[in-house]
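Per Swiss-Prot, compositional bias 'Basic residues' is recorded for 295-305. The compositional bias 'Low complexity' annotation in Swiss-Prot covers 490-506, 582-592, 604-641. The feature compositional bias 'Pro residues' is assigned by Swiss-Prot to 593-603. Among the features that Swiss-Prot reports, domain 'SAM' is placed at 643-706. The feature region 'Disordered' is assigned by Swiss-Prot to 295-320, 449-645. The annotation repeat 'ANK 1' is assigned in Swiss-Prot to 1-30. Marked as repeat 'ANK 2' by Swiss-Prot: 57-86. Residues annotated as repeat 'ANK 3' in Swiss-Prot: 91-120. Per Swiss-Prot, repeat 'ANK 4' is recorded for 124-156. Feature annotation from Swiss-Prot assigns repeat 'ANK 5' to 158-188. The feature repeat 'ANK 6' is assigned by Swiss-Prot to 192-221. According to Swiss-Prot, the repeat 'ANK 7' annotation covers 226-255. Look at Swiss-Prot and you will find 259-290 tagged as repeat 'ANK 8'.
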Amino acid sequence: MGASVLAMAARGGHTHTVKLLLENGAFVDDCEHACVSEGNTNTHCSAGSVQEARALLEVRALLAAAQHGQGAAVALLLDWGSDARVCHTGTGWSALMLAAAGGSLSVCQQLVERGADPDHTNVLGNTALEVALQLRRRDVQKYLDNITSVRPRPDDEKKRPDVFHALKLGNAQLVKEIVEQDAAQVDVCNADGASPLMMAAVSGQLEVVQLLVEKRADVDRQDSVHGWTALMQATYHGNKEVVKFLLSQGADVQLRAKNGYTAFDLVMLLNDPDTELVRLLASVCMLVDKDKSKQRGKSALRRRASAGTPSPPEDKTGLKSWWNRMSNRFRRLKLTHTLRHGLSTNRLAPFPDAADVPLDATMRAEEGGAEVASPTAPPAGAQSTACSRTEDCGLNGTGSGKEDFLITTMLRNGAPLARLPSEQLKAVIPPFLPPSCFEPWSSERCGSLRDARSTHTHSQRPGRSSAGSDTASISRVVNRSIKFPSITKGPSPSNSGSYNSAHSSGGSNGVGGVNRHSDTHNRSGGSAADSVLSQIAAQRKRAAGLMDSRSPAVETPSPAHTPLPDSRPKLELQKRPQSGNSSRSKSTSPTLTPSPSPTPAHTPAPAHTPAHRPTGASADSQGSASTQQRSRSSGGSSSGTITDEDELSGILRKLSLEKYQPIFEEQEVDMEAFLTLTDGDLQELGIRTDGPRQQILAAISELNAGKGRERQILQETIINFQSSFGSSASTPRAATHTH
């Protein structure tokens with residue numbers, strides 16, 4: 001039957017044999033190892049016999065000795081290390097139960113002293129005490145009764161299921177019978193601390209929930225594991241009718257689980273919450289908040305009336321209460337002006353002589369419909385004093401001067417500007433748009449046009465350096481698709497000092513550089529077209545009021561033409577020296593390093609071209625013939641800044657990297673492909689040095705970033721131009737002069 005020799009010897013009480021077997025290597029609690037150790041041929045242990053032995057009763061030596069009351073054998077086995085808590089795998093019977101069934105008190109005492117558990121139950125739910133009761137072992141019963149905590153149940157109680165079993169069955173009638181017979185079953189808890197009401201709320205049994213509530217079950221009871229209530233369980237499982245009933249019975253919606261969630265929070269965690277359920281819980285939460293606020297207000301009034309002292313401020317914590325206070329304060333404010341200037345895209349400055357209206361004077365709190373407005377604001381000290389003395393200045397109507405000062409400071413700091421703009425704006429000169437075709441301008445006509453237009457200009461306060469940038473974007477876009485590499489090298493009467501640095505914010509962007517308008521050199525002659533653009537840019541600067549506060553203009557000597565201004569005042573944003581002529585100009589652009597070396601003051605002109613260029617076709621031919629000398633000359637507006645209109649060879653010369661030009665020519669890298677090169681591409685081309693690669697990558701990044709800025713500025717400029725074109729001052733052109 002699977003019993004080992006050791007088990008049989010212990011069953012018969014043969015202690016000498018048991019000791020002999022143990023001394024020769026028999027295992028105390030393992031019948032399978034006992035078979036192997038004994039070498040019994042009848043019960044030879046192989047892989048199959050081991051599995052069969054596990055399926056049998058697994059008769060162990062201690063269990064056999066305890067069942068037959070062999071106290072000496074039990075003591076010997078325990079001394080050799082047998083576990084007193086060992087039990088049969090199939091039935092759950094322990095050695096203590098077998099000893100109690102046999103009625104051996106001494107064996108029971110030995111087992112308990114060695115660690116046997118008197119509360120252990122078998123598969124039938126019986127303890128050793130119940131086994132002794134059933135078999136009427138009086139001595140063992142008396143001994144185990146004092147040490148057993150699991151008390152035996154009567155037979156009728158065993159036959160009747162508990163309330164949780166009835167809830168699992170969904171039998172409302174059985175639940176009713178149980179709670180009527182024993183009222184304590186209403187609030188009984190299971191192992192997780194859950195009550196029958198919670199279980200009914202989970203399953204959605206509305207009838208059982210109503211029955212338990214009628215039997216005075218605790219509606220707000222929380223389980224011991226998660227701290228959930230019956231309302232939370234019903235909400236999370238979507239039992240809407242149960243939620244309505246529990247709310248009607250006064251369930252607390254403010255109770256929080258151990259993770260801090262309320263019933264409303266749990267319903268919001270659902271993927272598809274019921275809209276009606278959400279509204280129901282939200283309305284109840286709002287009513288509870290209102291009731292609590294009313295109770296706090298009544299208690300505060302009672303304390304104020306009894307003590308005669310001002311009540312302490314109420315609890316102002318939480319986002320909801322803060323938002324309520326702020327909304328009440330802003331409801332009493334009256335804004336006499338709106339903050340249009342901070343939200344408008346119009347960059348024009350206000351009228352110069354308009355009175356400054358501080359923001360503090362635009363806000364006045366009103367009490368009972370009375371409006372208080374003042375064109376000017378008192379000093380800071382006087383204003384704070386007035387706020388502390390009058391009720392009209394208080395946002396709450398209670399004279400809380402400190403809070404009024406804080407809210408005023410918040411609005412002042414959050415406003416776009418410190419003062420509000422005026423409604424009056426001067427007419428704006430529209431940005432220069434090149435016509436579809438140029439006429440052969442002459443120097444005399446340019447001078448007369450300049451004199452005629454200068455009489456119609458008006459002084460205007462400069463804005464935030466945006467007037468020049470508006471025209472820059474249009475002129476860039478007009479000349480963006482055509483690239484003319486020809487730039488005149490020698491100084492001329494028209495362009496030697498008429499262009500500003502590319503980083504100047506006043507009017508230099510209006511005529512963005514010689515290379516920005518190189519198409520005008522080819523259409524109408526470089527000298528004449530440059531002079532026209534210079535005059536228009538100078539006219540815009542005089543209209544902006546910049547010519548009044550700068551140094552007087554120095555005219556370039558020209559024996560055959562009308563003198564033009566050599567240098568114009570400009571706003572230096574990045575502390576750069578103006579590039580008036582080639583003798584003083586050095587590349588100080590912060591965008592690229594190293595900068596090109598300074599060029600000589602005067603470069604000898606070609607043999608077929610005079611030193612001082614006239615106008616017309618001669619200037620045009622000279623401008624187109626000077627392609628190779630463009631980047632080395634710093635005259636005009638060239639200041640070392642890389643632009644997207646520069647050719648690849650010019651960019652390399654500006655970077656002093658002419659030695660790499662054959663590499664790009666050999667690989668047939670054009671300007672479009674150049675703008676897409678990466679560090680790996682440059683290494684593949686053969687540029688192994690880190691310094692030149694970083695300079696080339698910086699130039700590519702600057703050109704790509706400039707294209708994005710031009711598109712953004714173009715959109716803003718077109719909008720401003722369309723809005724201001726109707727009100728711009730129209731100046732008639734002077735009569736056309738022929739050669």
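Cβ atoms are placed via backbone N, Cα and C, with glycine included.
Across the domain 'SAM' (643-706), the model assigns an average pLDDT of 82. When DSSP labels each residue, the repeat 'ANK 2' (57-86) comes out as 16 helix, 0 strand, 14 coil, counted as helix, strand and coil in that order. Counting same-chain residues at least six beyond the ends of the repeat 'ANK 5' (158-188), those with a Cβ under 8 angstroms from any Cβ of the stretch are 195-197, 199-200, 203, 205, 207-208, 211-212, 215-218, 221.
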